[in-house]
Every structure is written in structure tokens, then in C-alpha cells.
């Protein structure tokens, strides 16, 4: 076997709050990390935007830093894999490469009213059947329609082929390739409300409903294969970009959930629980999403997904919004300083509720406070809310799949919180397993890229590389679990339908 000890795969991980570049070796081990935060823009309540040009410059900077700071030359990089925040929508000029507007982030709720109008008009079923998604402001399609409706002349320019639309993967691939590649993979395309997941192509009927010209859309390519070539001016040599997947699909691949019925939960800004359902899409009867995991070697793998909007973002809100903590790391010790939540429940519906409720008009609320409530109780309620939301999703997932989960693999920043992971295992009643390499999103992108160029031979090799760091066994009595769920669901019920559609 060829000695590849001095060769690496570079993973570009463009997330909601930060952009990173991570170097992976043959054993799936990390050889270098560079990171830069991304500015969040909140122009109106419920609106969330990013500067697409800032994202590009940050991604380029961290890619260069990962190589430079670790003494790695461009010729040692056999492939680049990319993973990205999904649904976030960019519209740019094909000639200048300049964005026409700040990117509309997946958390943005400005099109909730439009989604209501489309639902009232009877279109929700068609979107659901074709795309596997619920008709919600979360996804890219209505965001793109908003941009075309509100930027003067944009729709006519789009019809003339002067503009390009893309999720963040498309935008960065365009920039990295010097404008030569306008592409996306099925995992990202399946999050737009514009993509037929059964035929794996853009859907003309859905495009017509949203008045979106086909000329805007990127070409569909495999998640693992010959995608684009990164121009030599960026990293010092031409390098193949051979792997792309949306962040949650990439994390599922990085967790090596490659067999039917395996599932993972990523605790990032939001929480995202995905289950592998094999080579055929599984329609959900419990308000989950059917989505494409990845496409390689002519085969498409499908997933069931439940999306929680406020995961780690709940902790950020405690820090930045309320000032209860000065750093996110403080929450575990603060929450552990009390024996339980003291009857306090936080429903973090700050941007509505995702699966399985899908209520864009729910709003955040605290219940059960007394004169004895302390900041520690609120901190604990915030952590527990992350686990409660994830448990709601898993219960719906088990009903859809007709089988119980044997274990849940976990990753993301909050997965390092032992108190949260133990509470999650207690609520679910199944073991929660944290891997040694928790950077599974970037690892999944690296695996997809490396498989395409032979750096790793096959999926069996990836399975052999996966190692557990810690296994959290459930220890909560069933009557206690049931009582906690009953109170949680009472709290959720009171937070629903709070805001007005206008």
C-alpha cells in the first residue's frame, strides 16, 4: 500500500457562527485546525443575514492558515472536501462574482407569511411529496423568491442568465474554481424546496409556483467525485474539490451511520437528528423531513431528519441576551450546581419551533418560575430544553421507522457537555455514544473527498476507523421520565402560535 503519511485531505467547514478548515490524515485523525467567526446580522426581528463575501474571505483565510500554521504544502493535499450550513441563500452576479444582497440564513423567518399563503392555497402537499420537506421559511426556495421580489430588476436579470443562485457550497465552489463551476450536490439541493428527491433533479412545477427561473440554478453533481478544481491562486496549487455535503449529512457520513437504522444527533447552533433509511426515501407521517444524505457511485442514500432550531444557540442567548453566563463553557458547572430544574422549563422557540411541531409563530417562553428560582435553574432548564427537543424528534423518528434505536451517536460542540449527554440518554432510554473525533461534520466531508481520489478505499475502511470516546447509559426511572415529558409538553403547548403572521 502506498505510504500516505505525509498526505492529507483538507476539509472546509462553513458553519453558521464560524468558518473552519481542518486537516485529516489517513486514520481520520486531525493534523491541524484554523477557525474564524462569522458576523451575524439581525436587520429586523426574525431576520438573520450573513455577508457572503465575508464568508468567502474567511473560508480562504482559514484554509491558508491551516496549511501555513502546520507546515503543510499544497502538494500534500490530495483532495478538498466541503461542508456547509444548509439552506442559507446567496444570489450573485455571474460576471462580477458579487452578491446582490446579504445571504439569508437558514434561521431567518421573513418568509413565514409566504409559506402560510402557499399552504392556504393548497400547495403544501405537492412540496411535501416532491421534496420531502414541509413548507417552511427554513428552506431556501422562499428565501430566493423573496430576493427576486425585493431586489429591483433581479428576476428579469435572472431570466437572462446574468445571476446565479446557490447555497453556501455553491457560492464557495464558484469562488474557489474562479467562477468555472456553478454546482451543488443532492444533499444541499434537497434542502431548497425546489428539488425532486425521487428523480434527483430540479422541479419545474415548483419553480413555477415560486416564479424562480431555471437559469439561476446550479448543476447537480455527486457528493463524492470530480466536482471542481480549486484554482492554484488560492492555495498554491490546483487541488481537486471532490466532496460536498450539507453539514448534517456530512456529520452522518462522518459518524459512519452508513447502515439502515443508524442515527446521529449533532448539537450545534441547532440540533439535527438524522437516521439512515437506505436507498429509498421514507415518507414521514410524524412531521419529519425526508432528505438526501449523499450520492456516490450512482447510488443515493436517504435520511429521515428532525431539525431543532435552537440548540447551542440557546446557550448563546443565555450569554449574549440575558448575561447569565460570560462564556458558553460555564453553563455545565452552573447547571450542575442544582439537583434538578426546580420545576423550570425553557421552551427556546426564539425563531419558532422546528420538528415535529413546525410552528414559525411559536415564541420562546420560561415556565414554572418561583421566588426560589435561580440563574442555575434557568441554566439547567436551557440545557434540558436541548435534550427535550431532541427526544421529541427521536420519538417521531422511531414511529416513522417502525423500530427502536439501539444507540444514538452524538457530535457537535454541546456533545462535550457530559451533563447534557447523560440527561439525553436518560430521556431517550438508550445509550448516547460520543466518538473520539467529534469534528464529524468536517470528517464526513473529508471522507467523501478522500473516497473519490482513493485516499480511503471503501466504506468498510471508514467503519473500522470509528472509535467511541464515552458511552452514556440511561439511568432514569420510567415514571420520572414520563413526568418530565408531561411538564415539557405542557410548556411547549403554551408557546405555540404566539406571534402573529404579520
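For all residues, glycine too, the Cβ spot is worked out from N, Cα and C.
Of the residues 225, 312, 368, Swiss-Prot puts just one in the ADP site with 16, 20, 269, 413, 417: 312.
Residues 86, 87, 247, 248 are given by Swiss-Prot as glycerol binders; from 138, 302, 345, that same site also lists 138. If you take the C-beta of residue 138 (sn-glycerol 3-phosphate binding site) and look for same-chain residues 6 or more apart in sequence within under 8 angstroms, you find 87, 106, 307, 309, 354. Local packing around the Cβ, expressed as the count of other Cβ atoms within 10 angstroms, is greatest for 269 among the binding-site residues 17, 18, 269, 316, 417. Cα proximity to residue 17 (ATP binding site) (within 10 Å) is found for the following binding-site residues from 86, 247, 248, 269, 413, 417: 269.
Cβ packing within 10 Å was compared across the binding-site residues 20, 86, and the lowest neighbour count falls to 20. Recorded residues residue 417 (ADP binding site) and residue 247 (sn-glycerol 3-phosphate binding site) have their alpha carbons 21 Å apart, per Cα-Cα distance. Neighbour counts of Cβ atoms within 10 Å were compared across the binding-site residues 87, 247; the minimum falls on 87.
Take the mean position of the Cβ atoms of 16, 17, 18, 269, 312, 316, 413, the recorded ATP site; other residues of that chain with a Cβ within 8 Å of it are 15, 268, 313.
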